[in-house]
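*Asks:* So TrEMBL lists the following for this protein:
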BINDING   H172, H236, H307, H512  Fe cation binding site
Amino acid sequence: MGYEYGKNRTEHPEPLKAEVKGSLPDWLQGTLIRNGPGLFSVGETSYNHWFDGMALMHSFTIKNGEVTYRSRFLRGDTYNSNMQANRIVVSEMGTMAYPDPSKNIFSKVITFLNHTVPDFTDNCAGNIIKYGNDYYATSETNYIRKIDPMTLETQDKVDYQKYLAVNLVTSHPHYDKEGSSYNMGTSIADKGKTKYVLFKVPAAGRSGSEASPALKNVETICTVPCRTLLTPSYYHSFGMTDNYFIFIEQPLKLDILKMATAYLRGVNWASCLKFHPEDDTLIHLIDRKTKKEVAVKYFTGATVIYHHVNAFEEDGHVVFDVIAYEDNSLYDMFYLDKLKDKEAKEAANKKFSKPKCKRFVLPLTDKGEMGEDLVKLKYTKASAVKEKEGKLLCQPEVLTEGVELPRINYNYNGQKYRYVYLTVAETTESTSITKLDVETKQQLEWTAENCYPSEPVFITRPGATEEDDGVILTSVINSNPGQSDFLLVLDGKSFKELARVHVEAELHLDMHGFFISQSD
Ligand SMILES: CC1=C(/C=C/C(C)=C/C=C/C(C)=C/C=C/C=C(C)/C=C/C=C(C)/C=C/C2=C(C)CCCC2(C)C)C(C)(C)CCC1
Ligand SMILES: [Fe+2]
């Protein structure tokens, strides 16, 4: 039993009618698209890491109480080149690929110089995002792939670099009520500088903003200089409130010099990404109005953070919640050789630094005595101690442990909020999801034996006035003999099952999802 991470999945492009057991609320109408790796070997070659697998998108369309399922591989240049060559010819984060199988140094150099294959991968297996009116599959390279959200067909390849000087961009943008998107990326050694770039993609529909891709109208909001030219931090998401952006410059760093020679040395990109526990973490707070960093500098100890949960402002503080680790063991845990071998898997799971949901509080001023904790909010144990003029050392409060893949009611993004929905993350085979009340720290849990749920997505009931008035959707892999996989629908308040929607197809474990409501 367990989930077979490295197994190649098949696609089901034609809509499959699913069987609803239980009842779906009438108002629940729309499509949940989810994205994640689904193909791990081509011909005789295999990827090393689960995150490298070729993107397989799937969707559940809910209409008048009926649900249809479909899935399709993302047919990007990476997929097409690999299929044509019948082996993996495009490198991913954890797998360096050599189009010429006789791996001698001479042929490596030739391939490198000739660019006979796509330069960087457009295998976008991380998330689904929206820019303007369009939906894209994304990972974190400069390429994203437009998709048809209804049929899941692959459309144009869009290169961020045509519109912005960035080499990497997150797959977790933020959205405002008007439909504009905000994201950030890293510009490496461009004109002698390495910097982080925050940008806005205006909503479609404003005058002159109908252009496609919407990125044509991108506006750079501001840039944050990197602490070092050749070792930018890796980050996976960022926080946003009405007035601020929160960007965490953590000591998980890309070594650009190592990357430049990785191909010829025969090592993967991931080996150029290193955690430096001896360094500290710098928290950047950027004022959205002035487009400048606030004068106070915020620090905390070395940590690794992928997912921001939410952030809000209160009484002269910015509060933000994240999922934090003590090291980079999450990445190592998802190497496929470890996931395939029972003993190696157990050893990796043991070494896994448990993700903790942590709350940081940043006072907006450093007025106070040296050594004083400047956090004045009564309800939190988080602190920010004045170390010297303009410098605060922050200690977070742990809200809960062993959780990942956070989702909130996105209407509360940037606002004071109470609930977060998460996957329980003790090992790579999670059988539970949880609802955490960040105020009382109470948790409600859904769990079922041999069932592996994905990231829980909250969908708000139209007209709702309470934060948890809605449902949670998660696709569940069911490895109980003779039972099928299903879309699970839970009540947002009680976390009790409303329905299981069974699909007569094998689902795959994925990363993230996006719900498009019918009214959109
Ligand atoms: C660097 C660089 C590059 C490359 C890049 C790449 C290739 C990237 C990719 C990236 C990626 C591709 C990323 C990804 C990420 C991901 C993540 C971060 C994830 C996370 C996950 C998690 C968190 C999980 C969870 C879970 C599950 C899923 C199941 C159950 C259990 C648990 C909960 C644990 C280039 C060449 C452009 C150049 C420049 C620089
Ligand atoms: Fe993510």
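If you go along the chain as it appears here, the first residue is 1 and each next one adds 1.
Note: Cβ is positioned from N, Cα and C throughout, glycine not excepted.
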*Asks:* Among H172, H236, H307, H512, the binding-site residues in the record, which have a C-beta under 6 A from ligand 1?
*Replies:* H236
*Asks:* For the recorded Fe cation site, whose residues are H172, H236, H307, H512, find every other residue on that chain with a C-beta no more than 8 angstroms from the centre of their C-beta atoms, and list them by sequence position.
*Replies:* G126, N127, T170, S171, S237, Y306, H308
*Asks:* Measure the Cβ-based neighbour count of H172 (Fe cation binding site), defined as the other Cβ atoms within 10 Å of its Cβ.
*Replies:* 20
*Asks:* By the count of other Cβ atoms within 10 Å, pick out the sparsest of the binding-site residues H236, H307, H512.
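*Replies:* Across H236, H307, H512, these binding-site residues, the one with fewest Cβ atoms within 10 Å is H236.
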